[in-house]
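According to TrEMBL:
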type: DOMAIN; residues: A:5-96; note: domain 'FAD-binding FR-type'
type: BINDING; residues: A:Cys222, A:Cys227, A:Cys230, A:Cys238; note: [2Fe-2S] cluster binding site
Amino acid sequence: MITQLMPAMVKVADKDVHSPEFATLYVNQHIDFKPGQFVMVWIPGVDEKPYTISHHSPERFGITVEAKGLFSRKAVSLGPGDKIGIRGPFGNGFNMGIGHKRVAVVAGGCGMAPLAPLVETFQTDKGPEVFLIQGARSKSFLLYPDRFAAKAEICTDDGSKGYKGFVTDILVQKIKDLSAISTPAFDMVYACGPEIMMAKVFDICEVHSIPCQVSLERYMRCGFGVCGACVCGHAVVCKDGPVFGSKMLRTMADFNTRALLKTGQPVPLNEYATWRCQ
Amino acid sequence: MQINFLGKNLHTPLVLASGVLGNNKAILERVWENGCGLPTMKSIGPAPREGHKNPTVIDLGNGLINAVGLPSPGYLNMEEEWQELSDRVFPITASIYGGSVEEFVQVAAFVSAKGPDFIELNISCPNSDQHGMVFGVNAQSSHDVVAAVKKVIHVPLIAKLTPAAPDIATIAKACEDAGADAICAINTAGPGMVIDIESRSPVLAFKKGGLSGPMIKPIAVRCVYDIFRSVSIPIIGLGGISTGKDAIEIIMAGATLVGIGTAVRYRGITVFDKVNKEISDWLAVHDTSMEEIRGAAHREAL
Ligand SMILES: Cc1cc2nc3c(=O)[nH]c(=O)nc-3n(C[C@H](O)[C@H](O)[C@H](O)COP(=O)(O)OP(=O)(O)OC[C@H]3O[C@@H](n4cnc5c(N)ncnc54)[C@H](O)[C@@H]3O)c2cc1C
Ligand SMILES: Cc1cc2nc3c(=O)[nH]c(=O)nc-3n(C[C@H](O)[C@H](O)[C@H](O)COP(=O)(O)O)c2cc1C
Ligand code: FES
């Protein structure tokens, strides 16, 4: 059984290769889960890192990994039969709200991973109308292009598919269009992607008085709010987050400005890392 | 529950253990606002260190095993943090470690000039081959490092001890003789190891790690009890304290202040407010005070 205690060794049951960079690993086990939560994934002898649950059903779940460094390259090279250790799920998930009529979901790159189960939950639960805006560097970096019933607005940095430009351009346009019909344009905006993109989404929402929720990323060790590796201002990302709402974001000094390196040294966000979703 | 500790007024008797959450000013302040009288910063080392690879911290249900490995920006790379801490309204203890007496002295002198309220010497960390515990298991080396550091700092010094010492009371006495102003006991116990039987490998990347939380409380209580009998300086009792009753127990063993680390995992950041209230409630019901119960478990024997 998968719990927050010792990692449970589980078999990779299935694998989807989305592109040379992206793969989803599936595990045939139940996990008590809310969209937005994450698990710690252990490859013995290599390392252990946090990954969002990107697929979820009563009998299985999946994580989607972008190959970029030592650990993630190893992870995407795994296949059916290989064993990984899983503990979790950790953190809070997205608050899906009550009585929302229309929401926007804004995904940048592999920021789509935590948002995908959210979109699916909305679609099965007689949930709100969902406007999905999905962006990526280029066409081959678009995650799960055929997964949802909801039609997505696509944008790519290089124009290889959809609108050439940023997801935030589309969000602003949509809010403008919809404001003519009803205010607020959206009852909630959900976003995940590079932090600079989420900061822009937050700013746009503030201007239009729309609440939003974004999912943050910091270096993590424990995953349950003890070691302090993941602090962002006065927030503990693994425990208070990784999903944060507008009210918290307003008070988080380090949001879109600072992050701690593995040593604990605070550095400007752009120095922190080549951000995984850029 | 105001309390005076080495001349400083603290709003509560609770201390945040080093290495738990204390990575920036905002969190230290949040912990203080939530009822912690004295937050401790994460241990500061002589050079930048990334710590060990993950897994580094695992919850065993009745406590944690960790080998974080003393990550630190290094004492020369913390200007920004000291700058921010300079206008703080709350007290702090800076925890430091080193690989030799010279390194301890170097870090201590530099950190002392930054104006923390107290300096804690971590001579007790089990999670590094070169740092920490080697000093704390031997009375002579504990004495040497405390005496050397004491000469170069201008704030009270707290020596943090390891339960791995064969006779912790002797170590505590050596620290007192060398000029320590207080003792903090204990650091993590062990080291221990957990092995995943499916992959046949130790779970922690560093293989071994220190134990903390409820499972080590009896060790902490015993250590504080032993130390109380050998020194006259105040003791910060730490190790597995999660509730007001746990706090009362370690105070009866001899603690003046009570440290909390792992309980943040089990009861959240608000654990400090909860424990403060539980202590007050217990004291009220029993119509007694912290002063009256401190060391009470020794009464018959004394
Ligand atoms: C809550 C949470 C959920 C996550 N979910 C996913 C997910 O669903 N899919 C996914 O692919 N990744 C996810 N990540 C990121 C993941 O944990 C790893 O950081 C990432 O896979 C890189 O690991 P690596 O060991 O391969 O790279 P490394 O070898 O560590 O580094 C490779 C590159 O990535 C940068 N990098 C490493 N860690 C981070 C970090 N924490 N933040 C920003 N940059 C970093 C490095 O600076 C370097 O440029 C998540 C992280 C968090 C905190
Ligand atoms: C994740 C973690 C990191 C720690 N890091 C340090 C450290 O850097 N310096 C130190 O002196 N003690 C460190 N400790 C030890 C604690 O300060 C404390 O002495 C020990 O955990 C026992 O208290 P507890 O049972 O209340 O957690 C750490 C403990 C944990 C769990
Ligand atoms: S990862 Fe340890 S506190 Fe967040």
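Note that Cβ sites are derived from N, Cα and C of the backbone, with glycine treated the same way.
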- Item | Structural state census, the domain 'FAD-binding FR-type' (A:5-96) (DSSP three-state) | 8 helix, 44 strand, 40 coil
- Note on the structure: Residues among the binding-site residues A:Cys222, A:Cys227, A:Cys230, A:Cys238 lying close to chain B by Cβ (under 8 Å) are A:Cys222, A:Cys227
- Task: Measure the Cβ-based neighbour count of A:Cys230 ([2Fe-2S] cluster binding site), defined as the other Cβ atoms within 10 Å of its Cβ.
- Result: 27
- Task: Output, ordered by sequence, the same-chain residues six or more apart from A:Cys227 ([2Fe-2S] cluster binding site) with a CB under 8 Å from its CB, or 'none'.
- Result: A:Arg221
- Note on the structure: A:Cys227 ([2Fe-2S] cluster binding site) falls, by three-state DSSP, under coil
- Including all protein chains shown, what's the count of other C-beta atoms within 10 A of the C-beta of A:Cys222 ([2Fe-2S] cluster binding site)? 26
- If one looks at the chain holding A:Cys238 ([2Fe-2S] cluster binding site), which residues at least 6 apart in sequence have a CB under 8 angstroms from its CB? A:Pro50, A:Phe90, A:Gly91, A:Arg218, A:Met220, A:Cys222, A:Gly223, A:Phe224, A:Gly225, A:Cys230
